[in-house]
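Listed in TrEMBL:
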- 33-54: transmembrane segment (TRANSMEM)
- 66-88: transmembrane segment (TRANSMEM)
- 109-128: transmembrane segment (TRANSMEM)
- 134-154: transmembrane segment (TRANSMEM)
- 193-211: transmembrane segment (TRANSMEM)
- 232-251: transmembrane segment (TRANSMEM)
- 271-291: transmembrane segment (TRANSMEM)
- 330-351: transmembrane segment (TRANSMEM)
- 410-428: transmembrane segment (TRANSMEM)
- 434-457: transmembrane segment (TRANSMEM)
- 478-501: transmembrane segment (TRANSMEM)
- 513-534: transmembrane segment (TRANSMEM)
Amino acid sequence: MAPRRSAAETADADRARLHQLGYKQELKRGLSAVSNFAFSFSIISVLMGVTATYNTGLRYGGPASMTLGWLVVTVFNGCVALSMAEICSAYPTSGGLYYWSAKLAGKEWAPLASWVTGWFNIVGQWAGTTSVDFSLAQLIQVIVLLGTGGANGGGYLASKYVVLAIYGLILVLHGLINSLPIRWLSWFGKLGAFWNVAGILVLVILIPAVAKERASVEFIFTHFNTDNGMGIHNKAYILAVGLLMSQYSVLGYDASAHMTEETKGADRSGPIGIISAVALSSIFGWIYLVALTSVVTDIPYLLSPGNDAGGNAIAQALYTTFRARYGTGVGAVACLAVIAGAMFLCGIGSITSNSRMGYAFSRDGAMPYSNVWHRVSTHEVPLNMVWLSVAVAFAMALTVLNYTQNFSHASSVNIHSLVIHIFGMYMQSLGSQVAFQAMASIATIGLYISYALPIFFRVTTARKTFIPGPFHLGRYGIAVGWTAVLWVAFVTVLFSLPVAYPVAKDDFNYTPVAVGGVLLLSIGAWVLHARFWFQGPIINVDT
């Protein structure tokens, strides 16, 4: 066994390895392995992901699709995480995915591979920030509505402009927090991890205990809902579409890679952060999902826009459960507040990860006005990129509001909105289930494409030249990598299929159009402009 390195030796090794990769140490390296894990775990935030997409899972397949589908997705997501961890150990830089693609694609293809991977990743991250914080603003809207009597009891329904104001305030708070030194961000990351674990444990004990009427074990694991109101009746097809909830709920673990330049022992801590965040999120997410489904006894009513929560299935299930036991919905509001806390902490981590990716991408000259965005403050924080992330997220939400026509499916508008901004012309209503399905598919596919590209290069062009870091998969690396790539290819096709029949203008799934558009725009920009000057990661140290 190798001797344990001292803190000074670890710092020197981290600095030397970063120098070998072509960069000087500009960010403060103050994160431990636990802190690195905490960022990814709090960004994945299954409390947020499951809550945001529960309506979709309940509509397409219901309990069986969610509880058993989660286990299937966990296996394949695990392959993606393991492959990413192996590459992260070899290349621990803030650029993460796009840097990996450049190093693995081969000299001839490196600039293009880096360019496309980077833009898919940063688009997904910008969209993720919007998704999380706008979801939080809408959840606050639901909390206030239920806290004042519910939709059928004269409760207060905040207008879309009030929601926008709440959203703006959340973003400003997240920007201010991310302007603090890394030691404070580390604390918030750990708090986010603790909040998610503690919140899930409290909810999975409290919800079944309070419920006077609970679903049977058979119902939770075998009941298959085919009454989706979307004209889809084939069970295999319904199950496939329902997998979106599970795939969407475990997303954002590339944060551990983007934080490696601020992490001690990065070539070990980064991979550990990725794997442990995905593993624990998968376990706690499934437990949370089962607990929620235990109080699902009337699926049509929970999905009805005429219920007290305006169609938010989880909020309505909790509200019904607590009112049946205590005659009041105060307990449900408290549970939703716990979920809102997880969302708030998730949003902090989203801005942190986004700003580090943007810092690295602009450091390599890939963004307009790159010299502005990669500057760091006296606290060694990429301050300009933090506030650019805030500004972009706010601009995206303006587009969401333009397409949100009613509150009846407000829980379904928490989607990655950059693609809406680009392709909003196609959407008749983001209040519809089909529009949500398309946009959630775009969010999931967009980020997972950026995950799969460097893995694809690892198992093809770099199959014989890849030099692993301290964490590696040995002889299983190629098999695990191919499994990850084929899974992402499968879900890309799967989530591009129609989600309602008969297909019409108002319910067409624009996912392939939007994802193809992002690819077309990045390739178009490359052909017309970037190929003349972008060479991939730029070395900023003397060699």
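Residue numbers in this text run from 1 along the chain shown.
Just so it is clear, glycine is given a Cβ too, placed from its N, Cα and C backbone atoms.
TrEMBL annotations: computationally assigned, not manually curated.
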Can you tell me which of 232-251, 330-351, 513-534 gets the most C-beta pairs within less than 8 Å of the transmembrane segment (109-128)?
513-534
Considering pairs 6 or more residues apart, do the transmembrane segment (193-211) and the transmembrane segment (513-534) have at least three CB pairs under 8 Å?
no
Leading contact stretch, 66-88, 134-154, 232-251, 271-291, 330-351 vs the transmembrane segment (33-54) - CB distance under 8 Å
271-291
Do the transmembrane segment (66-88) and the transmembrane segment (513-534) come close, with at least three CB pairs under 8 A (pairs 6 or more apart in sequence)?
no
Looking at the stretches 271-291, 330-351, 478-501, 513-534, which one shares the most CB pairs under 8 Å with the transmembrane segment (232-251)?
478-501
Counting only residues at least 6 beyond its ends, the same-chain positions whose CB falls under 8 A of a CB in the transmembrane segment (478-501) are 60, 76-77, 79-80, 82-83, 230-232, 237, 240-241, 243-244, 247, 433-434, 437-438, 441, 444-445, 448-449, 451-452, 455-456, 458-459, 463, 507-509, 511-512, 515
